[in-house]
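S.K.: Provided herewith is a single structure, encoded as structure tokens, for subsequent inquiry.
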């Protein structure tokens, strides 16, 4: 009987239920490599949650195997969980990524006071060995410079992970996808491809980042007053185009917004963003220049209420304001869920009377993710034996699977996975293995805990109908009631004195109802709560949370 | 000295700060006419609010002048405040609208148990007199049948209100905009035009409703299994096209979802939706038919969590389920703010594996509002002396004003108003008059009250960080502390016993600190609250609301 070969196990811990918290485990025998460690921003349902992380229990349980962490690029959905993971690991694990990505990560680790991370810079063409893994890095184009794809060889097979990508033939920094490396790996044979699914429902080819240049230049050149450009602060190619257009027409660039200041600083220091010092002006010095000599690069392209753009639009920025003669370019697209916030800012700007350009009227933004033709091209170039669409919501993963079938990958070799599922690769064949612990972890203040649905349900209820707290003092033997105090928060009837007084009577009535014989403080508490809840429903048709405290005196 | 002529006052009470709660007062001397009485659905910030109404205090204060209420069409942003307004009025005021609109309104009034409203049916060509107002109605095309525009003559001048409209030359029911009436009024002279601004930022011409027919027919004809079509339940033209396509290929139509059942019933009874009884099947009888003979018309096009489509997508519908062989058409566009909910449903459907069509891939939806070319055409046909863009957010009203300038209306004759502003018209001239009370009113359970920002701020805070209630009993003279009870809801550390115990110590410490000399229960309460808040911030980096009750025993 043939002894079963050790398989290469591929385990996505995040990234398969939305755009966010990307993290994939690659495990062969006693060696484990992690690709990406991202976070997700909470949605409207996750009330009061600061950040959402993938549950990486499996990584911690196998910490002794972990040979290295690879980060494909510097977006937070690929790097944001790293500070938490590093704090949870008991030893320093090397982190491999490009210079810019490591620069961005350094800033995040500094905020968390994580000292001396073990950074290992890699780039297009780098080759490293991590236990049984032979790993090659290759350039990819995306909406952040220095993005890398990864090719891994193990005794059980080979895997390519594209990272996030588009196929941009005219990238701003001249660094094209390394087609020659991709095709070399393909010639060697790719047993499994993991590829970015973000735009798998979008037909055609995503335009080059260079396509937005002419619109930006045109607007900046012809604007009568100041020009404000809101964009993602990590989108260095976009910022470079804005800087170039500004300098070309003799305008100085002002940078405002915390992450915009931090990221442009890092990118300039590391040589990724090129603009001479004399063309950068401090926000406090801006009044010395005429308006038509100024371009302001700012945060706020997602309508974030505390961002520089929001504060300027609402007249709350310390040093900068927007007037009717100014022009605002929103050089981004709203992330799903942010549409209404962005529209709110556009309304505020409209009231000021300034001219607003967004992607609905002008080509001031293009996506950083490849569309269907690029995804099919990647599949055709790599002709993998097996395929796992990653980085997307259910609809995108399934659309990507359809594209794979179109280019000839057999249905049985396409794996639609969930977070925590494992794919076992061996001898060119892939099969689903036993799943591992997975899920999400919430960061809520200092607490980093398993998602607790009770807390969120309580917050949901509190946010809808508010809370009523009733404190009743009773005599030791039960039904003699003393003071009844009622406080309310977030209820629509807080100022209705008659109602409050009636509610106190209801509480006294409930206490009186409980006889000496079967007196128990818990029974009393519950009957007060139920009596008060029913009273409030009948009188107000709302169901606030009712907290009852019974004090025996 | 010439006696100043009585002006016609035009007062928008809603509709100028978003798509919703449309309501405009027209007042001449002792006569007042109200056009539309709509509601708005709360946004994410308006936590726990059921509905948002315009503050119509001004109407109630002048109730004796109110000669009639005109409703242009049956959408809730034009009719939804009517039940509340009618309950607040002390006498029956006649309501003028088309047969279908009155049918939809009847349903709403029944829900609120409002008996015997004074309905007056009008239609294209109807003429009525309300005090000093001579009023003509004319047909308009919109995403609901029987929409009307209004032309009013008063001694002080004439006004046209377009209502919501697009200019559809091939409407499904054959009822075109009454261009001949519009041009006749224009020839007589229009002193003021109020026109729909919803799509004022959209270039071109909105396609005819008929344009979606071929796509719907193609999909319904070629689908292998059941076809589910989610749309607005009041979009009778759309439903008609789905019914026609279904019947043409021998499919029966199943209607599900509360408002879809109600609205199709009303529209069929009144002759607006035409489908024979034998082509309608009850949801419970659907299993008797083969899948390829079924089309399901359902609610849920906005991703509403309790809608028929959401329940079917999540396997929670009583009688209908969706399988991988089925096809779902989302024949609508998400209202701003609903994008993520709709995407959630599409993801659920993708997991089922069914085929999903939405407007991103196929022409299965067109807007009901006219784009820039239609708005300019309306301005050109009516060539009003003065113009007030209505029905839109700030950005739309301002874009519409720009279109008006383009077609030659002088800047000084274009009025960008806010809710509550008044425009006084007299002798062909318009000027801004004194504003009236305006704003919004929240419906929250049974309470219909002025928007209370404190309640919403409290709910916001509760939803973010939860609440901690502390009850401390103290002896009458102050600092002898008895029991300390702490309850928490919606906090991330509720299960941290050590923290709770330390918190109790903090409370005891605060009580001990207050000396007998300056003892006051309020001081004690505040110092407990502050001490506990600081403790919780230091230990958890969250700021729950802290409710402190001090009971003297």
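Placed from the backbone N, Cα and C atoms, the Cβ positions cover glycine too.
Here's the feature list from TrEMBL:
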type	residues	note
DOMAIN	A:20-216	domain 'Metallo-beta-lactamase'
BINDING	A:365, A:366, A:367, A:368, A:369	substrate binding site
S.K.: Compute the average pLDDT of the predicted model within the domain 'Metallo-beta-lactamase' (A:20-216).
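M.R.: Per the prediction, mean pLDDT sits at 97 for the domain 'Metallo-beta-lactamase' (A:20-216).
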S.K.: Which one is it: of the binding-site residues A:365, A:369, which Cβ has the fewest other Cβ atoms within 10 Å in this structure?
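M.R.: Among the binding-site residues A:365, A:369, the lowest count of other Cβ atoms within 10 Å belongs to A:369.
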S.K.: I'd like the number of other C-beta atoms within 10 A of the C-beta of residue A:368 (substrate binding site), please.
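M.R.: Its Cβ shell of radius 10 Å holds 25 other Cβ atoms.
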S.K.: Helix, strand or coil for residue A:368 (substrate binding site)? Use DSSP.
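M.R.: Looking at the DSSP assignment, residue A:368 (substrate binding site) belongs to neither helix nor strand, so coil.
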S.K.: Return the residue, from the listed binding-site residues A:366, A:367, with the maximum count of other C-beta atoms within 10 angstroms of its C-beta.
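M.R.: Counting every other Cβ within 10 Å of each candidate, the maximum falls on A:366.
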S.K.: Whose Cβ lies within 8 Å of the mean position of the Cβ atoms of A:365, A:366, A:367, A:368, A:369, the substrate site, other than those residues?
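M.R.: Not counting the recorded site residues, we get A:143, A:166, A:206, A:209, A:333.
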